[in-house]
Amino acid sequence: MATLCLFDMDGTLTAPRQKITEEMDGFLQKLRQKTKIGVVGGSDFEKLQEQLGNDVVEKYDYVFPENGLVAYKDGKLLCKQNIQGHLGEDVIQDLINYCLSYIANIKLPKKRGTFIEFRNGMLNVSPIGRSCSQEERIEFYELDKKEHIRQKFVADLRKEFAGKGLTFSIGGQISIDVFPEGWDKRYCLRHLEHAGYKTIYFFGDKTMPGGNDHEIFTDPRTVGYTVTAPEDTRRICEGLFP
């Protein structure tokens, strides 16, 4: 019976929004000789490629962009799901309008562009804007740790859209993921149900309640590990697969 190591990307395999290091990339290819490996991220496929390499689908047995709403196995596309068909245009517009008006009322040291990114399986909402520089990203993240900007935004969204079948979770350093209930990272597990794995190990950094790794981390189908950085991920894997 085979095992699978399933990794979050940002903060687990790479530094947030940075490319994977050669050392980590090489380590994972060695690990692949001992176990199947997969990556699951909230980001879209292009961002996974940017960070893990254009050949990501050849390097991992499973690649699950957008929490597995887009799924690749052994280099081939398995399926693609979309949010607009599921929620309907009215709910999506209400959500976008509400988020833009909320962001317009927050005073931050800096605001940039791309406050909402529309993906296949989710909306990604960023108070500072996704086009901020790396320095601006870190500045916002440090401020957010003190002032809980995203936490308050999420609490507000949960109240405003209660009963609409939506989940709001804090993702990465600068944004909030919004998706239908059940479309969190656990969604990718449905592609693995009949694959016959004895154990699915999951590694992620945002495993606390409200973090976008929490649901899959606590799911009974996985054995979850909380990591703090790629080095930590490597250390745990070396312990599991000496």
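Backbone N, Cα and C define each Cβ position, glycine as well.
Database features (Swiss-Prot):
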- Asp8: active site, nucleophile (ACT_SITE)
- Asp10: active site, proton donor/acceptor (ACT_SITE)
- Asp8, Asp10, Asp205: Mg(2+) 1 binding site (BINDING)
- Arg17, Arg119, Arg130, Arg137, Ser175, Asp177: alpha-D-mannose 1-phosphate binding site (BINDING)
- Phe217, Asp219, Thr222: Mg(2+) 2 binding site (BINDING)
- Lys145: N6-acetyllysine (MOD_RES)
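Structure coloured by features recorded in Swiss-Prot.
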residue: Asp8; record: active site, nucleophile; contacts (Cβ under 8 Å, 6+ apart): Val39, Val40, Gly41, Lys185, Phe202, Phe203, Gly204, Asp205, Lys206, Asp213
residue: Asp10; record: active site, proton donor/acceptor; contacts (Cβ under 8 Å, 6+ apart): Pro16, Arg17, Gly41, Ser43, Gln51, Gly172, Gln173, Asp205
residue: Arg130; record: alpha-D-mannose 1-phosphate binding site; contacts (Cβ under 8 Å, 6+ apart): Arg112, Gly113, Thr114, Phe115, Glu117, Asn124, Ile174, Ser175
residue: Arg137; record: alpha-D-mannose 1-phosphate binding site; contacts (Cβ under 8 Å, 6+ apart): Pro16, Arg17, Ile128, Gln173, Ile174
residue: Lys145; record: N6-acetyllysine; contacts (Cβ under 8 Å, 6+ apart): none
residue: Asp177; record: alpha-D-mannose 1-phosphate binding site; contacts (Cβ under 8 Å, 6+ apart): Gly42, Met122, Leu123, Asn124, Val125, Thr167, Phe168, Ser169, Ile170, Gly171, Asn212
residue: Asp219; record: Mg(2+) 2 binding site; contacts (Cβ under 8 Å, 6+ apart): Arg186, Leu189, Phe202
residue: Thr222; record: Mg(2+) 2 binding site; contacts (Cβ under 8 Å, 6+ apart): Leu6, Leu189, Ile200, Tyr201, Phe202, Ile216
Here the binding-site residues are Arg17, Arg119; the one whose Cβ sees the most other Cβ atoms within 10 Å is Arg119
C-alpha of Arg119 (alpha-D-mannose 1-phosphate binding site) to C-alpha of Phe217 (Mg(2+) 2 binding site): distance in Å?
23
Sorted by sequence, non-Phe217, Asp219, Thr222 residues with Cβ within 8 Å of centre, Mg(2+) 2
Arg186, Phe202, Glu215, Ile216, Thr218, Pro220, Arg221, Val223, Gly224
Relative to the Cβ position of Ser175 (alpha-D-mannose 1-phosphate binding site), how many further Cβ atoms are located within 10 Å?
24
C-beta crowding around Phe217 (Mg(2+) 2 binding site), within 10 angstroms
23
For the Mg(2+) 1 site given as Asp8, Asp10, Asp205, which other residues of the same chain have their Cβ within 8 Å of the site's Cβ centre?
Met9, Gly11, Thr12, Leu13, Pro16, Gly41, Gly172, Gly204, Lys206, Asp213, Val227
